[in-house]
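Engineer: Got a structure for you, written out below as structure tokens; questions coming shortly.
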Amino acid sequence: MSLALEQANPIQENFLREPPLPKHIAIIMDGNRRWQKKHEQFCKSNAISGHRRGADSIPQIVDTAALLGVEALTLFAFSTENFSRSKTEVAELFSLFNSQLHSKLSFLHDREIRLRCIGDLSKLPQELQNNIAKAVSATTHYSHMELIFAINYGSKNELVRAFKELHQDLTNKKISINEISEELISSYLDTSGLPDPDLLIRTGGEMRVSNFLLWQIAYTELYVTDVLWPDFTAHDLLEAIKTYQQRSRRGGK
């Protein structure tokens, strides 16, 4: 069990388990490089030490979300724009993803969590594509919670890919122009079948959404914290959820 929930008093725990509990939480895990710079005296040997420390933060966040009954948790791991970073950093990040897939698979099995990856996965190294496919296949029968990693993801890229596929289906007369609706477009997105996020958390304090789930977050509640991702704990997640529960969602009405 998450240490944060173990330490929560009964009133706090009951409050967190009461509605409205977000069914789908999305997190922009920002601040890894700033954390590394802040701790550079300990991080000189590795260009992605901050990202490695950030990866260590993930299990307790997943545990806490699952224990609370969150149905889906989406983590923004690598954007389409991140390819503009140095080849060395990008290669090390992909190596980190590979190692995490291997080391955390038993974690997912133990908790019966289904893994899903979204983004333009075809642009990833073949080894990483293969490992993602294996991990997704190995957990596809689980239903406790769905953990979604956005890798080489950009919302504009997602929409372009979706519209190309939709156009192809129109051309092949699989669908008609009159069938096009918000629901149909959503079914062509990487997140097809998932509820739109109820809560979007951004760590690191930046006030922007960074080309993340732009279609899906039309009515999502936003929560920004100055805490850098490697320092983000289950307590910080609970604070975000408490803030969400105190808001009145109107869906644009």
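Quick reminder: no glycine exception, Cβ is built from N, Cα and C everywhere.
According to Swiss-Prot, the protein carries these features:
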- D30: active site (ACT_SITE)
- N82: active site, proton acceptor (ACT_SITE)
- D30, E221: Mg(2+) binding site (BINDING)
- 31-35, H51, 79-81, F83, R85, R202, 208-210: substrate binding site (BINDING)
Engineer: If we count other C-beta atoms within 10 Å, could you say which of the recorded positions D30, E81, E221 has the fewest?
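Structural biologist: Among the recorded positions D30, E81, E221, the sparsest Cβ neighbourhood within 10 Å belongs to E81.
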Engineer: So which of the recorded positions is most packed in, judged by how many other Cβ atoms lie within 10 Å of its Cβ, out of S79, N82, S210?
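Structural biologist: Within the set of recorded positions, the most crowded position is S79.
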Engineer: Whole-number Å only: compute the distance from the Cα of R85 (substrate binding site) to the Cα of D30 (active site).
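Structural biologist: The separation of the Cα atoms works out to 15 Å.
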Engineer: Sort out the sequence-distant neighbours of W35 (substrate binding site) for me: same chain, 6+ apart, CB within less than 8 Å of its CB, listed by position.
Structural biologist: G50, R53, G54, L228, W229, P230, D231
Engineer: If you count other Cβ atoms within 10 Å of each one's Cβ, which of the binding-site residues R33, R85, R208 has the most?
Structural biologist: R33
Engineer: Neighbour count, 10 Å Cβ-Cβ cut-off, for G31 (substrate binding site): what number do you get?
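Structural biologist: Looking across every protein chain shown, the total is 24.
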